[in-house]
Amino acid sequence: MTETKVSSSSTPGLSWARVCKECGQQHEGQESHLYEYQDEVDDELVCHICLQPLLRPMDTPCGHTYCFHCLSNFLKEQDFCPVDRQRLQLHQCRPSSLLVRNLLDKLTVMCPHSAECQQQMQRCELQPHLHNRCPVFKRLREEAEKRKRPSWNELKGRKGDGDLSGDAKQSATLPRLSSRDQPEPGLINPAYEESEDDNTPLRSSLVAEANVVELFREEPEEELGLRIVGGKDTPLGNIVIQEIVRDSIAARDGRLAPGDHILEVNDVSLASVPHARAISVLQQPSLLRLTVMQEKGFKTRDPRTDHHPSSSSSASTASHTVLQVTLMKSQRTEPLGIKLIRKSDESGVFILDLLSGGLAAKDGKLRNNDKVLAINGHDLRHGTPESAAQIIQASEVRVNFVVMRPADCPEEGGSSREGQHSRGARRMPEPQYFRRRSTYMKDPPGGFSSHEKTVSLKKEPRLSLGITIAGGRDCRSRLPVYITSVQPVGCLHRDGTIKRGDVLLSINGVDLTQLTYNEAVSALKAQTAQSQVVLRVIQTLSEESEEDADASSKDELDPVDDLREDMLNWTPLWTRWLGLPSHMHWCRDIVLQKTNNESWGFSIVGGYEESHGQQPFFIKTIVPGTPAHFDGRLKCGDEIVAVNGATTVGMNNSSLIPMLKLQKNKVTLTVVSWPGSLV
């Protein structure tokens, strides 16, 4: 029988900062989770290294099974299997079968805070129990939030010193991170302004948490599904998640979200590394252990609502309504009668239908097409129907939903067909893009530039240029047409001037900068048929070039592998677009609306910096539960070109901040958006 661990409730000095948010015990971040098992565990389910029931079991090629952490730590020092000493590397191992993982998840454990909570449950249910039902865990969290929340006098005192930077807030929330999260020059936060109106509930400082998220690649080349912006060589400074790709490893895991700041990867700090280096660290095979700073939104203090919980409450913005709905099951196994789906055009989980006679339909507060933001405190903004179903199944009798619906949604939900039709009628029109106006022109950020190149070739009419392309003004973000590979069989490869990533300007005088992908392909084919070809391209440059990061891996590939990799998988890093001249930018207007004195919900970096001079303004953070978050179009890494038509070029922080504050209910942001680097 496995040894029972000592409950953390008996340990002096128990605090929210020290307790593990997954197992409820106190242990070092790198150590395995601890559980109090109530029954004898079969030896086949025990790790041969730690002699405890397996956690994240991994099978070796030689037929043995270990905890992932145990095995990975062992193989850092040794290169053989601990049992039979056969040669072994971590990338040769694979996660155990679903049957084994399910058997482990069903092991019975006791709540670690047994002095006050004697609940027993399956191991997979312990984390939901801790976060939703355990009185000790709830008390620790509330005490920690009270300590983090500044007083009204502190908030008013800060206003005299200017806006508090997002990084400074994070340092105040988590002192242990203060050394690596210093405020950068030019960081301003119109999102975080507090209301002076006595009738408005007081918003204290943002609630931010540092969490550890582990993602595992079953195949070394498999993408995590993260789009990344930022880096020390960019105005953003930090490494920030811009987007989660649908159906990816990160999307299925569900714990990461756009706007999360990645602080460490496998104990490697990303606090002061350039963008390309951060991307190479995130491309490591097998397990990635990410330490991330996650904004949880504003914490509202309103004594009128602190002690009066209700089964349904709501908060509105100009375009959306967010509601909290509680469903009470008569017994734990009672179904809610909800069909959940995902949509092709929007991430997250949506209610497809409420089954007639079911608990949700009888309650009447949830409706077809509601977007599920959270269930029992679990963030599902980028989750899946499967993860939502697991949370519901693991819940006791009380299920708390947070859902979002358009503010003009009718009171009564119709059939699923009617709901889909009404949603289609409310769909935002296709965004209108336009060339960056002359009054919006500016220099690239410090450290980024571009260089124009012209190649003139005489060739046989039937000889190919030997390039593949992507982009076009009909693609997402209206990217220019760029070269994804220069093939060794073409004449451009022999010339050597044209490189992967170069942006096409013209061929034989035919402008390529405003064409769609298909139009560009047709133009290239027509002009290539001539014996004389003059090709103009522009190459973007940076002081911290990604070429060095690519070189080590690319040099090991033979030409055939290199060609296949270029054609199918290569995409430019986000930093490649920063050096593109302004006249090649395509902008769009994003109109945000809000009510009362609530925050717009985004923070900004940029303005004048001593080291780089005048920097463009970029979106650094989008706060959950705010108009910018609900609107969904503004992304981290977007450049703000103008506010209500007034250019931001040449502005200082002291000019832009008042401009944003003066917009009470509506603001139009003109932005340029580049896709983040894909890992």
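Cβ coordinates come from backbone N, Cα and C, glycine included.
TrEMBL labels come from automatic prediction, so no person has curated them.
Annotation source TrEMBL lists domain 'RING-type' at 47-85. The region 'Disordered' annotation in TrEMBL covers 148-201, 299-319, 408-428. Taken from TrEMBL, the feature domain 'PDZ' applies to 212-284, 324-407, 454-539, 589-675. If you look up TrEMBL, you'll see 299-309 marked as compositional bias 'Basic and acidic residues'. Summarising the annotation, TrEMBL assigns compositional bias 'Low complexity' to 310-319.
Simply put, out of 47-85, 212-284, 454-539, 589-675, 212-284 has the most Cβ pairs sitting under 8 Å from the domain 'PDZ' (324-407). Counting Cβ pairs under 8 Å to the domain 'PDZ' (212-284), the top-ranked stretch among 47-85, 454-539, 589-675 is 589-675. Counting residue by residue with DSSP, the domain 'PDZ' (454-539) contains 20 helix, 29 strand, 37 coil.
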